[in-house]
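Sequence annotations record features per position, and here Swiss-Prot assigns substrate binding site to 18, 41, 76, 77 based on sequence analysis. The active site, proton donor annotation in Swiss-Prot covers 22.
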């Protein structure tokens, strides 16, 4: 498995709405993530800085990247763009993090 971590932001006035929309996520989105090899996907909120920290284990970069081109992912991004900064294609503004330590 490949471990990934990344950060995103959520609008200061949208913490509760962001959490509500993820509780639960759309079943179709969950199915696409799983079918594309995503496991142990978690998102954490830093309330004071409006930061979202996400971790996920993936089976391959190619399969993970393919999620973005699915219709359900495109609809999810559009659904979420009003609660977080988004790129012109509606994907969330994010930055990948470099792993510096792992204790198995």
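Just so you know, glycine gets a Cβ as well, placed from its N, Cα and C.
Close to the recorded substrate site, the chain also has 21, 22, 25, 29, 79, 80, 92: residues not among 18, 41, 76, 77 whose Cβ is within 8 Å of the site's Cβ mean position.
Long-range neighbours of residue 18 (substrate binding site) (same chain, six or more residues apart, CB within less than 8 Å of its CB): 10, 45, 52, 80, 83, 84. For the pair formed by residue 76 (substrate binding site) and residue 22 (active site, proton donor), distance between Cα atoms is given as 11 Å, rounded to the nearest Å. In the structure shown, the C-beta of 76 has more C-beta neighbours within 10 angstroms than that of any other entry among the binding-site residues 41, 76, 77. The separation of residue 77 (substrate binding site) from the residue listed as 'active site, proton donor', Cα to Cα, is 12 Å. Cβ neighbours within 10 Å of residue 22 (active site, proton donor), excluding its own Cβ and spanning all shown chains: 12.
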